[in-house]
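Asker: These came from TrEMBL, pasted as-is:
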type	residues	note
TRANSMEM	6-25	transmembrane segment
TRANSMEM	46-67	transmembrane segment
TRANSMEM	79-101	transmembrane segment
TRANSMEM	122-142	transmembrane segment
TRANSMEM	179-202	transmembrane segment
TRANSMEM	233-252	transmembrane segment
TRANSMEM	273-298	transmembrane segment
TRANSMEM	333-358	transmembrane segment
TRANSMEM	379-400	transmembrane segment
TRANSMEM	406-425	transmembrane segment
TRANSMEM	437-455	transmembrane segment
TRANSMEM	514-535	transmembrane segment
DOMAIN	589-639	domain 'PXA'
Amino acid sequence: MALGLFDYAIFGLTLIISVIIGLYARFTGGKQKTNEEYLLGGKDQNVIPIAISLVASFASSISILGYTSEVYRFGTHFFGINVAYMFSTPIAAIFYLPVLFKNNTVSVYEYLEKRFGRPTRLLASLAFTVQMILYMGIVHYAPALAVEAVTGIPQIWSIIMVGVICIFYSTVGGIKAVIITDVFQTGLMFAAVIAIIVVNIIDAGSFSEILRVADAGERIQFSNFNPDPTERHSWWTVIIGGFFTHIAIYAINQAQVQRFVSMKSYKLAAWALMCSLPILIAFMTSLCIAGLCLYYYYRNCDPISEGRIQSADQLVPLYVMDRLDAVPGLTGLFVAGIFSASLSTVSAAVNSLAAVTLEDFLKPFHLWYREKELLDSNARISKALALIYGFICLGVALLIRNYESLLTTCLVVFGIIGGPLFAVFTAGIMIPLANQFGVIIGFIIGILFSFYIGFGGPKPKPFPLPVSTTGCLNSFTSVIQSAVAKNITEGNISSLSKHVSSNDDYAYIFRISYLYYIVLGFLITLVLSILLSLIKSDPNSSNNPDLFTPLVANYLRKRLIKEERVYMVLKLMKKSKKKCNFDNRLTGSNIIDEELQLILYYVFRDFVYPWYSKVSDDQEFPYHLKEAAQKIIIAVANR
């Protein structure tokens with residue numbers, strides 16, 4: 001099938017607009033001449049664009065293709081992830097964002113060097129780089145899959161098209177262009193999904209009819225509260241796994257934190273994060289409804305069973321080809337939406353990888369090799385890095401061919417590396433006793449364990465809900481498949497289900513839901529980090545209160561005050577003999593030694609006065625008691 005002239009016009013216009021935005025950002029404002037302008041947008045970004053950009057950075061074409069097919073095949077269980085978002089977003093804003101924003105660093109991993117040391121920073125930064133390169137490849141491949149199904153254009157050309165345009169406006173315009181383009185492209189994503197919903201509602205006559213058909217086909221799934229961790233999707237797996245996945249992205253991922261620090265204040269950054277929540281929930285809800293719409297349209301003729309498509313991730317493109325083609329421009333709008341979803345995500349990843357590589361690797365190496373710092377006044381290196389990572393993304397996308405599901409593959413990638421990474425930051429921000437030795441060993445073991453459960457053995461294939469082919473037109477094949485579908489739906493599914501989902505042939509650890517990978521990686525890394533930190537101390541780790549979340553920071557400051565008080569008393573006890581008289585104004589002592597006078601002041605302020613206020617109702621400390629207390633203190637100093 002080929003796009004019509006109007007479709008090509010809409011699709012081409014969206015790509016041209018993205019290019020124009022890159023040029024606009026390049027030649028306006030600071031013109032992207034410094035690293036601060038290129039990587040942080042001059043630190044003057046506004047709340048709403050940042051909120052939209054936060055959603056666009058990870059609400060990619062994988063969401064559009066993967067989430068809709070998930071609902072079509074397995075029902076609405078995954079909708080529960082919206083509940084996880086409601087908990088994880090405020091926690092990220094309250095506990096993690098204040099620390100990372102206050103440190104005011106381009107690379108979020110610079111925080112780890114301040115808290116633990118350079119080895120921790122480099123190790124975490126390297127893990128993030130691997131994670132994002134893999135993720136970029138998956139995201140880059142998704143629109144190629146869709147465009148090939150709709151237009152017949154080979155995947156390689158679609159991949160190159162996305163890559164070249166993304167590389168151009170990301171490299172030329174920096175994060176400012178990325179943010180502005182995210183706003184435009186998010187609108188296209190919503191438009192593409194809403195077009196599917198509106199057309200389907202018109203066909204069905206009402207939205208309630210779509211819900212009725214979906215319920216009859218067992219697609220409305222909200223009753224699974226099974227706590228078994230091997231249950232692929234239940235309320236427990238979706239909420240717990242979704243919570244850790246979301247907070248690991250929005251709290252400590254470089255692409256998101258880079259947007260936070262591009263704002264003027266923590267208050268504005270927190271507002272942007274909270275404003276992103278309703279946008280994200282609205283987007284995920286629309287995708288869930290679109291998935292139900294797909295089931296309504298194909299309820300009598302499953303295109304996978306019929307052999308029209310090879311992967312469930314091609315359901316949305318197929319629907320566009322079957323139904324939206326009749327409306328001029330809608331197919332072009334859909335293709336534009338899919339491309340926009342990938343462009344926004346890949347551009348965010350490219351920009352964040354450029355920032356991390358520059359700050360965590362090139363600058364320290366330049367300082368060591370040349371014995372002088374690399375100047376921030378020139379953004380050419382950052383642009384070159386963005387260009388390089390753009391082409392790396394192209395290469396990875398061309399290599400991707402075998403996958404089970406775009407959505408599952410994406411979440412597995414984030415879970416395997418994101419869980420241990422999130423644990424490292426949590427240990428740094430929340431746990432004062434954590435040190436570099438414990439964190440590094442815990443992180444390495446956590447990563448190895450995560451890779452083992454993710455790729456170390458065979459896993460049972462998920463068994464989708466029943467489908468029908470009774471309405472298909474292919475005579476012989478349709479008859480056979482209809483009989484099979486009928487038997488499945490009438491009760492013979494039990495034996496097939498037992499065969500397919502039998503757990504006896506798989507190790508328990510490989511039956512655990514993929515949504516728990518990030519949870520297990522997080523827990524193992526965090527627990528080992530704490531235990532190993534207790535075993536061996538590390539002088540490189542810092543307990544500066546500014547490096548901890550506000551609650552922990554307040555506790556540390558109070559502890560430091562207590563330690564200061566103890567230090568003052570010990571210093572007083574070691575004080576050499578001095579002849580001292582009294583001064584009624586401050587401490588009652590006309591002390592020749594100013595150091596001893598200061599010590600007396602602290603002792604009265606921190607010990608004597610607080611004690612007296614607890615044991616007496618008098619507001620003023622009696623002079624005779626002050627005189628006696630001073631004599632005792634000075635006597636201690638004269639020992």
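Every residue gets a Cβ built from N, Cα and C, even glycine.
Just tell me what is around each of these and how deep it sits.
Answerer: Distant neighbours of the transmembrane segment (79-101): 71, 108, 111, 222, 235, 238-247, 250-252, 257, 260-261, 266, 269-270, 273-274, 276-277, 280-281, 284-285, 288, 425, 429-430, 546-551; these residues of the same chain sit at least 6 beyond its ends, with a Cβ under 8 Å from one of its Cβ atoms.
Beyond the ends of the transmembrane segment (122-142), by six or more residues, the same chain brings 60-62, 65, 107, 109, 112, 155, 159, 162-163, 253-255, 313, 338, 341-342, 345-346, 349-350, 352-353, 356-357, 360-361, 389, 392-397, 399-400, 403, 406, 409-410, 413-414, 417-418, 420-421, 424, 440, 443-444, 447 to within a C-beta distance below 8 angstroms of the stretch.
Listed by sequence, the residues of this chain that lie at least six past the ends of the transmembrane segment (179-202) yet keep a Cβ under 8 A from its Cβ atoms are 14, 17-18, 21-22, 24-25, 41, 45, 49-50, 52-53, 55-57, 59, 64, 169, 173, 210, 259, 262, 279, 283, 286-287, 289-290, 293-294, 296-297, 316, 319-320, 323-324, 327, 330, 333-334, 336-338, 340-341, 343-344, 347-348.
Beyond the ends of the transmembrane segment (233-252), by six or more residues, the same chain brings 54, 58, 74, 77-78, 80-81, 83-85, 87-89, 91-92, 95-97, 100, 108, 221, 224-227, 273, 276, 411, 414-415, 418-419, 421-422, 425, 513-519, 522 to within a C-beta distance below 8 angstroms of the stretch.
A Cβ distance under 8 Å defines the sequence-distant neighbours of the transmembrane segment (273-298), meaning residues of its chain 6+ beyond its ends; these are 47-48, 51-52, 54-55, 59, 63-64, 67-72, 76, 78-79, 81-82, 85-86, 89-90, 92-93, 97, 186, 189-190, 193-194, 196-197, 200-201, 203-204, 209-211, 213-214, 217, 219, 250, 260, 315-316, 319, 322-323.
Residues 3, 7, 10-11, 14-15, 18, 35, 39, 53, 56-65, 106-107, 109, 125, 128-129, 132-133, 135-136, 139-140, 142-143, 146-147, 150-151, 161-163, 165-167, 169-171, 174-175, 177-178, 181-182, 184-186, 188-189, 191-193, 195-196, 253-255, 258, 316-317, 320, 324, 381-383, 385-386, 389-390, 393 of the same chain lie 6+ residues outside the transmembrane segment (333-358) yet bring a C-beta within less than 8 angstroms of a C-beta in it.
Sequence-distant neighbours of the transmembrane segment (406-425) (same chain, 6+ residues past either end, Cβ-Cβ under 8 Å): 60, 62-63, 65-67, 69-70, 96, 111-112, 120, 124, 127-128, 130-131, 134-135, 138-139, 142, 145, 241, 244-245, 247-249, 251-253, 313, 439, 442-443, 446-447, 450-451, 454, 514-515, 517-526, 529.
Sequence-distant contacts of the transmembrane segment (514-535), counting only residues of its own chain at least 6 positions beyond either end whose CB sits under 8 Å from a CB of the stretch, comprise 229, 232-233, 237-238, 240-242, 244-245, 248, 408, 411-412, 414-416, 418-420, 422-424, 426-427, 431, 433-435, 437-439, 441-443, 445-447, 449-450, 453-454.
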Asker: List, by number or range, the same-chain residues at least 6 past the transmembrane segment (6-25) whose CB is under 8 A from its CB atoms?
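Answerer: For the transmembrane segment (6-25), the sequence-distant neighbours (Cβ-Cβ under 8 Å, at least 6 residues beyond its ends) are 32, 161, 165, 168-170, 172-174, 176-177, 180-181, 184-185, 188, 328-333, 335-336, 339-340, 343.
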Asker: What is the average pLDDT across the domain 'PXA' (589-639)?
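Answerer: On average, pLDDT over the domain 'PXA' (589-639) sits at 62.
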